[in-house]
Structure formats: structure tokens, C-alpha cells
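Notes for the one structure printed next.
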């Protein structure tokens, strides 16, 4: 939604409506809630996976390795030690894998927190910058309007003082003065361009030698 405010004589300029900023803040809030919901779903999925691994590990410890039967007759002490060592090795590998998954999950969480923090800081900086720019724009419009009103009042007083004919002659004199100043500036520009061309020619001649 856009409103219009008066600036100077018979002019209306658009300004941002507070409802636009409110809608933008609501949209940003909904996006943040959606990201938090996705993070929670991911966290629940990882926790479910860890619990499943733990339950599977406990079941294997109770049942023994798949297909394992009663120790065969004549099994030596060294065989039992080797089997126990293999079990400990598998358990250690599972624990290492679980620790790796947990570390990766925590790392992703920290990275996401850092991204959200950077987005929040950037958003706050953008909001502050827009507010500052809006304030400066309003102050500039106010100064321009005040200056135009002052000039209009001065012209009106001068016209009343000199009359229509006198004020017209004064304006014509000002126009002639400005035209003379413009011609002077053009002549100075031509002189400078001529000097530049002169020195450029000198430099080119030196390079050719």
C-alpha cells in the first residue's frame, strides 16, 4: 500500500506505508519458524537412528552374532578369546560410527545457528539502514520544501515591491547575467581543451622520437 504526501507546491510523492514493513516482518518470522521446524525434524530423525542402532546392538549382544550356535566341542581358550576380541572390535567400531554421526549432527547444528545469526544481524542492519535512509529522505524533502517556500515568498515580496514590469526587467537582467557566465565557462573549457591537446601532441611527438 502506498500513501502520498505533499511536497512543495501541488506535488504529491509516494512514501512507504507502515503496513508494508509489518508484512515484511511477518514473512521473515514465518520463514524462521519453518527453518526451526525442519531443524527439529532432522534432530528427531538422527535421534531415532541412534536409538535404533543402540537397540540393534543390545539385541546382538544378547543373541550373539547371526547364525552363531553353541560353541563346538573341542573349542580352545584361544578361540574364545579371538571371538571375544572380534565382538569388542565390532562394538568399538559401532561406537565410533555413532560418535562420528553425533559430531556431524552437532556440527551441522552449529553451522545452521551461525547462518541464522548472520541472517538476523544482516536483517537488523538492513532495517536500521532503511530507517536511516527514510529519515534522511524526509529531512531532505522538508529542507527542499522549506527552501522552495522561502524562494516563493521572496519572489512574491519582490514582485509586490517592484511591480510586474519591474520584476520582469529584474528577471531578464538575471537571465542575461547567467547567460554571460555560461559563455565565460564555455570559453574557459575550450581554452583548457586546447591546452590539453597541445601537451598531448608534445608527448606524442616525444614518444615518436
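Backbone N, Cα and C define each Cβ position, glycine as well.
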Residues flagged as motif 'Nuclear localization signal 1' in Swiss-Prot, choosing from 63-68, 87-92, 165-170, 171-176: 87-92
Among ranges 137-141, 177-181, 182-186, whichever one Swiss-Prot labels motif 'Nuclear localization signal 3': 137-141
Annotated stretch (motif 'Nuclear localization signal 2', per Swiss-Prot) among the listed ranges 51-55, 56-60, 116-120: 116-120
For the compositional bias 'Basic and acidic residues' (94-114), distant same-chain residues with Cβ under 8 A (at least six beyond the ends): 35, 39, 42-43, 46, 49-50, 53-54, 57
Tally of DSSP helical, extended and coil residues in the compositional bias 'Basic and acidic residues' (94-114): 21 helix, 0 strand, 0 coil
